[in-house]
Amino acid sequence: MDPDYKSRKEAFVSNLTGGSILEINAVTLVAPASVFLWSVLQSRLSFFTPYGPAALITDFLLNVLAILFATTFYSSAPWLLNLLLVSPAFLILMNSRSRRTQTKAKPPQTATAQHGPGASLPIHPFLTTYRAAMMIITCIAILAVDFRVFPRRFAKAENWGTSLMDLGVGSFVFSGGVVSARSVLKSRERGASPKKTLTQRFTSSVRHSVPLLVLGLVRLYSVKNLDYAEHVTEYGVHWNFFFTLGFLPPFVELFEGIATLIPSYEVLSLAVAVLYQVALESTDLKSYILVSPRGPDLLSKNREGVFSFLGYLAIFLAGRATGMRIIPGGISPSNTPQQARKRVLTRYGANIPVSRRLANMPYVLWVAAFNNAQLFLFCLIETILFPSVHRASGSGKNDEAKRTDFATSPILTAFNRGGLAVFLVANLLTGAVNLTVPTLDVDKTRAMAILVGYAALITGVALGLNKANIKISL
């Protein structure tokens with residue numbers, strides 16, 4: 001890469017301060033709004049059954065391109081885009097309620113009831129939707145941020161501040177924590193069987209982390225050898241997000257032993273966040289991370305990645321705490337005290353600036369509060385428009401699969417099932433585009449054409465993997 005252009009690229013994503021949380025909420029609300037319109041079309045008109053070309057294109061427009069437009073063309077008017085999405089949904093609801101009430105989500109009457117291990121852990125379409133929407137906006141943002149059509153206030157803040165991409169990084173980790181609760185719940189259901197020792201669990205988690213750590217090494221090698229533009233203050237000289245993701249499972253297993261003494265992942269998450277924040281405020285750790293010169297040792301060169309890992313660990317544990325509550329039976333009124341606690345903690349942490357670079361306590365609380373709100377919205381949409389998903393607890397697995405398939409976008413299902421592979425492809429395509437296209441000098445029309453093509457390609461990869469029944473999720 002040309003040295004002058006590389007310097008311009010690095011300056012383009014440096015020293016940014018982010019934007020307002022209200023605007024971030026408005027932009028991210030596009031995902032639930034799109035799912036709301038999709039759900040109305042499906043529950044009232046069965047528009048996506050069968051899933052032909054028209055259904056595929058509409059699905060792509062609603063669940064992928066709407067998010068792309070929210071972060072580009074409609075970045076200055078996200079509320080307008082939300083209105084454009086929900087208005088037709090309400091019109092359909094008003095005109096079809098009486099005619100479609102009895103058929104909007106009628107469960108099939110074929111399979112017999114099944115019981116056994118895992119029967120109390122139903123499939124939740126809203127969890128699939130939530131994780132897939134997060135994956136889509138992440139994949140879009142990692143390439144869009146290199147174009148001028150993507151507002152700078154959405155890019156990662158340098159030291160302090162809130163931005164869309166700052167939230168995306170934490171949400172990626174939080175969602176991983178949510179789904180990790182399923183394995184914990186299943187192991188607790190099998191209480192009679194011999195439990196694995198800490199060493200066995202730790203070894204197993206390391207094996208699962210190896211692919212992510214390998215990807216981290218591949219990315220490190222590629223960036224250094226291709227002279228790719230890099231933002232060193234993001235994670236450090238050698239560290240990258242794949243390393244953070246890869247080291248989380250083994251460290252979480254170490255906390256699993258503590259969970260027997262403190263049987264609350266909420267408390268564990270908060271304890272990690274608070275202790276880390278105390279260290280930041282009462283020692284020189286904060287200034288060491290933010291302003292100290294980089295020494296020759298590995299810790300100094302990668303201090304952002306190493307120490308922010310503690311914040312991401314707290315976020316992962318917070319996600320697992322949420323998963324432990326919602327996976328067994330969805331979101332219910334009994335879970336509202338948890339929401340109240342998070343609101344109180346968010347207000348308490350508001351006196352300290354949010355820092356994604358530090359992954360400090362306010363950042364942890366912001367990410368947890370946002371993701372709980374998103375889960376609530378997706379669950380609310382599902383509960384209202386697909387009530388049969390939450391009924392017939394004694395029906396068989398075949399019935400459950402048919403009901404969940406009816407209530408879930410095929411594109412969102414594909415992104416959720418192929419999460420790791422899609423994220424890898426998105427990173428490879430982002431690198432390829434940046435090495436072949438002068439993204440800083442591209443006009444808006446060409447930038448949007450590239451981004452739409454990129455979105456279509458990663459969607460095609462996700463659908464192809466799902467069609468081949470290949471599951472490589474994060």
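The first residue you see is number 1, and the count goes up from there.
Each Cβ is built from the backbone N, Cα and C atoms, and glycine gets one as well.
Range with Swiss-Prot annotation transmembrane segment, chosen from 160-180, 202-222, 223-243, is 160-180.
The stretch that Swiss-Prot tags with transmembrane segment, taken from the ranges 279-299, 447-467, is 447-467. Checking Asn15, Asn434 against Swiss-Prot for the annotation N-linked glycosylation site singles out Asn15. Annotation for Asn15 (N-linked glycosylation site): same-chain Cβ neighbours under 8 Å, separated by at least 6 residues, are Glu158. Within its own chain, the transmembrane segment (447-467) is flanked in space by residues 60, 64-65, 68, 72-73, 139-140, 143-144, 147-149, 410-411, 413-415, 417-418, 421-422, 425-426, 429, 433, 437, 439, which lie at least six positions past its ends and keep a Cβ under 8 Å from the stretch. By the Cβ criterion (distance under 8 Å, sequence gap of 6 or more), the transmembrane segment (361-381) is not counted as touching the transmembrane segment (75-95), fewer than 3 such pairs being found. Here the transmembrane segment (75-95) touches the transmembrane segment (21-41). Their Cβ atoms form 3 or more pairs under 8 Å, with each pair 6 or more residues apart.
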